[in-house]
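Asker: Annotation comment: Swiss-Prot describes 1-136 as domain 'Globin', evidence class sequence analysis. Here Swiss-Prot flags His85 as heme b binding site. Annotation comment: Swiss-Prot describes 147-396 as region 'Reductase'. The annotation domain 'FAD-binding FR-type' is assigned in Swiss-Prot to 150-255 on the grounds of sequence analysis. Per Swiss-Prot, the feature FAD binding site maps to Tyr188, Arg204, Gln205, Tyr206, Ser207, Cys389, Phe390, Gly391, Pro392. What Swiss-Prot lists as NADP(+) binding site is Gly268, Val269, Gly270, Gln271, Thr272, Pro273.
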Amino acid sequence: MLDAQTIATVKATIPLLVETGPKLTAHFYDRMFTHNPELKEIFNMSNQRNGDQREALFNAIAAYASNIENLPALLPAVEKIAQKHTSFQIKPEQYNIVGEHLLATLDEMFSPGQEVLDAWGKAYGVLANVFINREAEIYNENASKAGGWEGTRDFRIVAKTPRSALITSFELEPVDGGAVAEYRPGQYLGVWLKPEGFPHQEIRQYSLTRKPDGKGYRIAVKREEGGQVSNWLHNHANVGDVVKLVAPAGDFFMAVADDTPVTLISAGVGQTPMLAMLDTLAKAGHTAQVNWFHAAENGDVHAFADEVKELGQSLPRFTAHTWYRQPSEADRAKGQFDSEGLMDLSKLEGAFSDPTMQFYLCGPVGFMQFAAKQLVDLGVKQENIHYECFGPHKVL
């Protein structure tokens with residue numbers, strides 16, 4: 001526990017943090033990667049270049065300082081970050097490195113004096129221990145469950161299937177022939193790659209796209225413009241190739257009773273965790289209402305349409321609606337979509353009027369903000385809306 005003086009000293013730095021903004025974390029990362037370049041093998045350097053990770057870390061630091069007297073308020077954020085850390089295989093000793101550079105950054109940017117540095121050192125130590133302990137629990141859970149493992153495990157690509165002009169699915173089975181750990185629908189795999197020509201090891205998280213079967217995993221990858229890893233997977237990864245995986249993780253997952261109605265809302269590749277949820281509901285014979293609402297640019301980039309239709313047919317109460325923002329003439333001729341333009345949930349209000357319905361969202365942040373606002377305006381309770389950001393977390 002932190003003493004009152006330490007808490008007061010940390011809280012007194014909040015105005016300075018707010019004034020500085022993400023420039024603080026930019027300095028921190030630049031310093032850390034200069035002095036500890038080995039950490040480039042762990043961090044997603046693409047998120048460093050576009051500034052997303054720097055913004056996410058700044059928001060986390062500011063939230064900690066603001067809630068330092070009420071740590072339980074931070075537990076949802078801690079869980080999200082700890083789950084992600086396990087896919088990077090973060091170790092306790094790496095927290096010492098981060099702490100060293102955080103304090104040095106505060107000193108170099110603000111020269112706040114030893115009292116402030118000591119207070120932040122104590123505060124960081126408390127938070128680091130929270131993460132270390134929770135991550136140890138997750139590592140132990142992953143290693144001890146049936147089919148689980150520690151660290152990375154070699155998996156072979158056994159199928160590679162284009163699903164649209166931009167999305168390709170990969171089916172993976174363990175090289176050792178053993179069973180694989182189950183997961184909750186909505187969670188992701190940590191994929192570790194360092195192909196020839198890559199300057200650093202790259203680690204990515206890809207959502208699992210079907211119900212666990214104990215034998216292998218399926219992910220789907222969108223080709224991102226300029227994306228080093230996604231383009232390598234699309235262009236160079238082949239059936240028979242071996243990749244390293246970390247056990248499934250993630251705090252975004254569906255856990256509902258059979259009589260709980262569910263709405264799955266997605267855009268683009270955001271449908272991937274929803275597929276695992278839909279597959280799970282279909283194979284469980286879910287009896288309550290299930291809605292599938294999806295937005296795509298057009299038919300060329302609309303993946304898994306046939307699979308969704310087939311899964312929906314096995315559910316007794318299923319409604320699907322697809323929006324194409326800019327459908328082609330071929331799309332119109334085929335009748336592959338229901339509405340043109342942006343997703344408008346007000347026209348489907350009757351499909352989710354049950355106050356117990358749970359809503360799961362995934363897609364670009366702007367889309368999720370747009371969809372979540374519509375739901376709230378239609379009377380949906382905020383606590384019934386669950387969402388996942390691909391990349392560093394953002395608040396809707």
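Residue numbering: from 1, along the chain as shown.
Cβ atoms are placed via backbone N, Cα and C, with glycine included.
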Asker: For Gln205 (FAD binding site) and Pro273 (NADP(+) binding site), determine the Cα separation and express it in whole Å.
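Answerer: Counting only the Cα atoms, the answer is 12 Å.
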Asker: For Ser207 (FAD binding site), find which of the binding-site residues His85, Gly268, Gly270, Pro273 come within 10 Å, Cα to Cα.
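Answerer: Hits: Gly270, Pro273.
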Asker: Averaged over the whole of the domain 'FAD-binding FR-type' (150-255), what is the pLDDT?
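Answerer: The predicted confidence over the domain 'FAD-binding FR-type' (150-255), as a mean pLDDT, is 96.
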Asker: Enumerate same-chain residues with a sequence separation of six or more from the residue listed as 'heme b binding site' and a Cβ-Cβ distance below 8 A; give 'none' if the list is empty.
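Answerer: Residues satisfying the criterion: Phe131, Glu135.
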Asker: Distance check, please: Cα of Pro273 (NADP(+) binding site) against Cα of Tyr188 (FAD binding site), rounded to an integer number of angstrom.
Answerer: 8
Asker: By DSSP, what is the split of the domain 'FAD-binding FR-type' (150-255) into helix, strand and coil residues?
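Answerer: Summed over the domain 'FAD-binding FR-type' (150-255), the classes give 8 helix, 46 strand, 52 coil.
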Asker: Given the binding-site residues Gly268, Gly270, Gln271, Thr272, tell me which ones have a C-alpha lying within 10 Å of the C-alpha of Phe390 (FAD binding site).
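Answerer: The binding-site residues passing the 10 Å Cα test are Gly270.
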Asker: Count the Cβ atoms, other than its own, that fall within 10 Å of the Cβ of Gln271 (NADP(+) binding site), considering every protein chain shown.
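Answerer: Neighbour count, Cβ to Cβ under the 10 Å cut-off: 29.
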Asker: In the structure shown, with every protein chain counted, which of the binding-site residues Gly268, Gly270, Pro273 has the densest set of Cβ atoms within 10 angstroms of its Cβ?
Answerer: Pro273
Asker: Round to a whole number and give the Cα-to-Cα distance in Å for the pair Gln271 (NADP(+) binding site) and Tyr188 (FAD binding site).
Answerer: 13
